[in-house]
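Taken from TrEMBL, the feature signal peptide covers 1-20. The feature domain 'Nose resistant-to-fluoxetine protein N-terminal' is assigned by TrEMBL to 53-177. Sequence annotations record features per position, and here TrEMBL assigns transmembrane segment to 212-234, 278-300, 320-341, 362-384, 433-450, 457-474, 518-539, 551-571, 592-613, 625-648. Sequence annotations record features per position, and here TrEMBL assigns domain 'Acyltransferase 3' to 273-646.
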Amino acid sequence: MIRLFSAFLLFFCFIQSNNGETLCEMFEHSAAKSNISKACLKQMHTVCNTPELGWKLYDATSKFLTPGMSYSNVIDYGNFPECLSIVHEDRNGQIRGKFCGISTIIVNILLTPGTHQILTSLGIDPNATTLQIVSMETFSQVSKQVRDILIPDIPYVISKYSSCVPDACTPREVAHFYWYGYLLSDLVPLITYTDLPCETVDSNTEYEAGDIAVICFFAVIAALMIASTIYDALCQNFKKKPHHPLLLAFSVLFNGKKLLAISNNTTEQIQVFNGMRFISMMWVLSFHAVSVFQAGIISLENFPEAKDWDQSISNRYIESGLLAVDTFFFMAGFLLAFTYLKTSEESIGAQLKKVPKMYLHRYLRVTPSVGAMYLVTITIFKFMGTGPTWTLVTKMLRDTCLNRWWKFFLYVQNYTDPDDMCVNPTWYLSADMQMFILAPLVLIPMAAFIKKSFKGVFYGLVGVTLLAVIIPIFTRYFGDQAAGNIYTAHERFSDFLIGLTFGATMRMYKHKPYIFSPLWNVCLWVIVLLVSLAFNLFWFDVLYRYYLLKYTLFMAFYRPVWCLCLVFMVYSCYHNQGGIIQWFLSRPSFQILGRLSYSMYVLHVLVEVYAGATLKTSSYFSNYFLFYNWCGHFIVTLIVSVIWVLAFEFPMLTIDKYILGDDRKSSAKREN
């Protein structure tokens, strides 16, 4: 180890003390042994004979050793703006700076006793005598694991660096100028180069046919919104009725009124759902905001603090953010049963005939917003920013979504590709759609027999729910323990069924409810709040202090128990026994914000990806830093969601009503 470290120091002294001609000779000698392009060789001749240009390229490149690398600082971005600003012209042509983020992987020899073990885990030959390349596919997998390779007391065993190279070169080729030679022959196996995409000032400036098509699509949507709004304004000004309801489908005035409408509390509305929906969305956003930094893909000065942040009892409420999605499933099941039973006095045959229309309505309801997000992801998103990892991140997003487009739009990727989905949080949309498709198997017999024998139907629903709780126990204990299991519909189906059972019960006993005495109501509220708090506090212990049986049982029962707590909360608030919690969750403003929740869920990932991939320097992780980022992500997501709702979600509601023939007359009426 001392010999290797001395070699590094000697090499840096050699760089400082030799002139450009000597460096060129060394580079040519190394190049003769390797496959270096003529174009790169030509530019490197210019570089090593032009001290100012060479210095700029070197200055914009990450340096080894990096301050703090023994503690946490194992990702370095170099100087991205400086690299892209480099332009040199002479008689031999033009040289531009090309920035290659995270292009170099170096084993930290001063920290690592098990060098061979680490190299092998990366798929690198420890005995290699030439520089090796890690593919983009391998790197994407390595990035998820390598930062925490378990070597006792030494968790940071590799460093990832960025390079600024001439535009005709690759980091591997330029490596022969900086690293490779007689002095460093022993260090070759410790240096690995990736084939990740690099970036110049001309990157992401050429529009492909798909990019142009998507831009035209959004231009058409914008034109429809402008034209429809003008027509709506003229109708209002001249007090005329619209000739056709579809003429108002894209009107910002018409849809804006629907977005901002505040309705009075009635027995047909569950007002607390508006607050629960929006707060759950904020919970999801905060959970994803933290997980981005804990994943080890963003340069942090104090990564150990980020990694251990969730071990503090005061921070565990964010780590249990997945419970917010269980709340969504619970509400979906409740509302489906509560509304379906309102008009369910039909035979089983008549109900079966309506199932295809029910599926089509659901698909048309949820797909436009997420479909528009998909189009942005695979086309124009790459033009919206720059940064050391921007091209890498956007390319990985784009490639994943292009390869899984049909799975994305069929809502099945939570089963087919649970560990590598197109826009990972869309697993919820897939699971939700799958539960909706299965719902008629329960809804139709329930609607047919519930008035004849409520107890029989209720016990049947409880039995199906218990089955949905038991199945995940066996699949987890005897099957695959992969993290992707949490994305499957059968893993979360108990949430949906509890909501559905509760919704059916509320519908049947809406006019003859059981009212708890004040004492019992207070006692039940205390129990429910304590149980809910316990899940938030002890989530970490179960998930991170892993024991198979404990983990399996917890993952099977915590969701049903959480949903049962929600059952009491909703029931108590519906019957005006919820106190300050009912008052808060029923605020009129939540009606507006709740309508934005779906689009916020669809879009928040792109907002957070943008924020992370455009970072150009290391960040310092802290509670204030998290809150500051969360506020920014929340506001930006909220603003973009308003546009998305007015452009895609609400217009499709009007079109859907007309296409399917539901409430055609009422849909033509203007809302006052």
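Any Cβ shown, glycine's included, is placed from N, Cα and C.
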So, taking each listed stretch (278-300, 320-341, 433-450, 518-539, 592-613) in turn and counting its Cβ pairs to the transmembrane segment (457-474) that are under 8 angstroms, which one gives the highest count?
433-450
Test the contact criterion for the transmembrane segment (278-300) and the transmembrane segment (625-648): 3 or more CB pairs under 8 Å, pairs 6 or more apart in sequence, then answer yes or no.
yes
Check for me, if you would, whether the transmembrane segment (625-648) reaches the transmembrane segment (518-539) - at least 3 Cβ pairs under 8 Å, residues 6 or more apart in sequence.
no
Which of 362-384, 433-450, 518-539, 592-613 shares the most C-beta pairs under 8 angstroms with the transmembrane segment (212-234)?
362-384
Do you know the mean pLDDT across the domain 'Nose resistant-to-fluoxetine protein N-terminal' (53-177)?
70
